[in-house]
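Straight out of TrEMBL:
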REGION    1-36  region 'Disordered'
COMPBIAS  26-35  compositional bias 'Basic and acidic residues'
TRANSMEM  46-66  transmembrane segment
DOMAIN    80-338  domain 'Pectinesterase catalytic'
DOMAIN    358-466  domain 'Plastocyanin-like'
DOMAIN    480-628  domain 'Plastocyanin-like'
DOMAIN    727-860  domain 'Plastocyanin-like'
């Protein structure tokens, strides 16, 4: 279900499925004006006009389990609350009351901005409710009751599987008595981005397993209390007590109870002094603070025994790797603990609250979509087509769309990266991307290219060869697009903003997905896993796209080998493999033969991570199901490479070779006019407002890219001064042992919008060198406007005297995105025959947002055919 912001667009059209398109390029092109209905807009494929509507929000719930066929994402029941009367209800309680008793569906109550003066109860017989505002500053639930701890709450949650998002929940009774803002007594409750405000007993975390993420909790006395098992992650805890207040009063009364509070990566501030981390409401009270910043408001003793020394031997009060002026343990009470890594480990995962079985995917949330679809619609075109895509932005965010891998000859205006080739499309405005598909065929993709919005705004591009041109591989019976992605339970933009504010990495994703679905290895509902039906003896073409924001992924199918035939829309020499390695931004086409015993087989995707970092080991699954096999048969799991299997990764990439046939030659530049050597590094810059006074950053040649306020292409085309400098260095300021021992000093970087000027038609060799600044890590680099040849790769430092002799200048893989190996280097070559301003960046969204990017200004050649086209009249203004 989605909010019908597109209701004015109602057009009759028939659905076009991939199976209705020509199965091979040799078949007759049926129509250059075919229509496909996409939500409430129309799409014309093959040299036609595509209408794209960006709607905020489409409402989806990420679920799991298996059904046959390609299934749409499950939707939740949407109830809108708006005080003006434009929603379904004016009061939140009325919306909750409308939910049927013993409800079994996900219900999303969307509370529009306003101050709601209500005392609200979510009854125990109304589970699976999500109560969501848009941001806590303008969606406020308030009441002013005091006295009884159980009766005073502004919001009482008795139901299980409740989610609260982006709300302010406050009790304004004051300091005279207990005044609870939020009471949570239901099991499996989660709160994201909420503000919870009162004075005494602000949050009664009563019973059940609970999770609080990026919340702000304020009070003075015992303002986080109760006997739940709860994790508080990246929360800001603020004391308004002038002295001798206490943050927690955990109520565990028996040693056998598996309850307690764990604070992970939180921040504690306040207005007074001598504030205690906790005092024992129960004899076996249990509280742990880990990786938490403690300001000077914390009392040196740290903990209070509530005037009962008998509890010294029974309570569990501990700290682990906390920091800040209040974290000094030299004067802590002797009955509190400083944990070792082994002792802390069991308490630092969501297993402590059983989160592996309920936390991640039992929630609905609004997302930005294209035409109401997640993933978005596939764009089908032919080589040689002219394509026009009208994008109308109904989202609350500015927007731009990048057509990833399309070369956009002389036409950077259609490339899409915000503030590089255009200013973004503002809310309520439209822009038509008008471009030709020249000399390309295969699988590419499109995605948002502003902020982190490509987490949900993405889809496939399938370019069929010209009519009469067969595939250079066996004709498949059918094709299927497989898009690998990531999913966050919370709003991705809010998560990124929080990380940026703190100067730290944002929270990792909660799941990986295959065609928008995580598969049955993830918990929650028994619905909707992507499934593909095959017939015995047939051959299928899978078009695999890695749309994940931050993870390189392995992909495999149980019991079935795959034959790689194309990468990044370029045909390759065929080779067979048990698993595919695919970096963010890359595409890979494989042939799969359905020649195994008829059964149900899992397709699976899991991250590859060979850097010395925590492995995000979340495996997404889909199902390959032979025709005639029932859904009750348990699928077989594939054996994926180990998450840190560097040997497989290097071996796999070494097998990639361009087809290099007379029809599809590999035109590798043999001479080089311009040699570039770029070091890739992480760094730390000062940030007085950030949590540690510093901000993580990233750089090329020690330069952290600063985004401009207008499009770089406009500035170049119109010769606007002061927007950028053309002095990006061809090599790092000073050489060093790039991949030696970790470098942890002098990690500051230079900030600037600095570009590199390239002469038209010159040949460029660029060596991308990973470094051990902070840590080594793999980086997938994407160059806009060009394909390039990956002529060499290696581990360690690039040797300009010896390594070029090993380059493959005959049939290297031709790509638009290449993975620079962890602790190694990659060399690429391209001919600069496409004038314009072309973005180059790491395709890990985290690193891009930290500044791991730059751009090339390729000069015009001689004459109009070698010059940038004039800008379109509807180019979005800055």
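Note: Cβ is positioned from N, Cα and C throughout, glycine not excepted.
Describe the structural context of each listed feature in the structure shown, including burial, neighbouring residues and relevant distances.
As a whole-number mean, the pLDDT of the domain 'Plastocyanin-like' (358-466) in this prediction is 92.
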Under the DSSP assignment, what numbers of helix, strand and coil residues are found in the domain 'Plastocyanin-like' (358-466)?
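Counting residues per DSSP class in the domain 'Plastocyanin-like' (358-466), I get 6 helix, 50 strand, 53 coil.
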So how many of the residues in the domain 'Plastocyanin-like' (480-628) end up helix, strand or coil by DSSP?
11 helix, 74 strand, 64 coil
Using DSSP, tally how many residues of the domain 'Plastocyanin-like' (727-860) sit in helix, strand and coil.
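Breakdown, helix to coil: 9 helix, 57 strand, 68 coil.
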